[in-house]
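These notes concern the structure reproduced below.
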Amino acid sequence: MPNQDILDLQPAHIRELQNRYERAMADHGYDSLLIASGAAPYRYRDDQAYVFQGFGPFLHWTGLAGQEHSWLLVRPGQKPVLWLYQPVDFWHANPVMAEEPWLEVVDVRSRQQSGAPELDSPGRLVVIGDPLVLDGVPGDHNPAALVAAVEEARVRKTPYEIECLAHANRIALAGHRAAREAFLAGDSEFGINLAYQQATGQREVEAPYHSIIGLNEHAGTLHYQYYDLKPPRRPRSLLIDAGVRYRGYCSDITRTTAGPDEPRFTALVHGLEKLQLRLCEMVSPGVDYVDIHRKAHLGIATLLSASGLVSGLADEAMVEQGITRAFFPHGIGHFLGIQVHDVAGKPTPSPEDAPFLRLTRTLEAGMVVTIEPGLYFIPSLLEPLLNGPEAQYLNRALIDELKSCGGIRIEDNVVVTAAGARNLTRECE
């Protein structure tokens, strides 16, 4: 059952979206905006379709992630109109719409046809969505400037969106607890995934992204995508990066657990968690997100030195020489919302020293970001250092000892508030 406090925020959310989208339309000279939910394409020479989760702007208004062939019309000063595709079909069931407050401020209509609805006097019409479903639809299709404005309208979350994200964190954390218990009980990656799904009540196809569940050296593959059916003989580590989708909104949480007889790796996990919490505390209006990324590298350097993995170099020198990038190759995080890697995060390119950073903006109240430092033992990144002039600073024996633990990543979902930050993940633990 949805939380009534969340439901009570729905009408104000729709009204705010109406205001934001009306401004975008006015700025670009449009009278009507039609949004397509999209549809899953079929596999080549097959009658099975790919998994479908819906177009971001459609979810922004409705939260209906699995609703194909549906359309939403936005016009200034008028109720939004939602056409839901609900065919008479004995093969499949149509989704049942619960009576909720947002339906009072949206005109919802059922229709049998999958194509775009015919509009009366739309004026200058713009249509956005997957080009595969827009063929033959009148109007301007996906103009770049209007699409950018609509994506910018998603950057600062409404109170409704923030509470949906908070609830998505609560559900996901139940899964993370179950996954940790399954690991400590000796389960396999496959079994841990089942435990996560059971605890979250979410099917794999409903997840916002494929859950990353890596034991031992698999934790060193950043987006490890397979699940071994058998557990390793010696379970040394678990890295699980997994979220849920709630009413269209995603959580994205990562936790790392050391095995019971891994004191060195346990110390690294604890050290990285302390760093991660300090980085979360940096989140505040006016802070350049790139600065958080750079502080993360200095923190990783301190941890490498304290653990004995690297010695004989100052922290700044470790960063300048690229040593920290071999241990921490990805960005510190990204925007979060309807999409896991939410839109409009890079108005400027990633800096040269952070090529994989997905967010390069100055933080503002209402933004939601992830903070996810990592420390990994990835052979393809470490071998060039171990075989180069930097080898004199690296503890090869300790690296070899920890290599089969794979790596560590710790990730929280954080709201930028007027006064600082609200950590949605930690408040639910």
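Using N, Cα and C of the backbone, Cβ positions are placed for all residues, glycine too.
Per Swiss-Prot, the candidate among GLU206, GLU217, GLU372 that belongs to the Mn(2+) 1 site alongside ASP252, HIS334, GLU411 is GLU372. Under the DSSP three-state reduction, GLU372 (Mn(2+) 1 binding site) is assigned to coil, being neither helix nor strand. For GLU411 (Mn(2+) 2 binding site) paired with HIS334 (Mn(2+) 1 binding site), the C-alpha to C-alpha distance reads 11 Å. In this structure, ASP252 (Mn(2+) 2 binding site) belongs to neither helix nor strand by DSSP; it is coil. Cα spacing between GLU372 (Mn(2+) 1 binding site) and ASP241 (Mn(2+) 2 binding site): 10 Å, rounded to the nearest whole number. Taking the Cα atom of each, HIS334 (Mn(2+) 1 binding site) and ASP252 (Mn(2+) 2 binding site) are about 10 angstrom apart. Other than the site residues ASP252, HIS334, GLU372, GLU411, same-chain residues with C-beta atoms no more than 8 angstroms from the centre of those residues' C-beta atoms, the Mn(2+) 1 site, are ASP241, ILE253, THR254, GLY333, LEU336, VAL340, THR370, ILE371, ASP412, ASN413.
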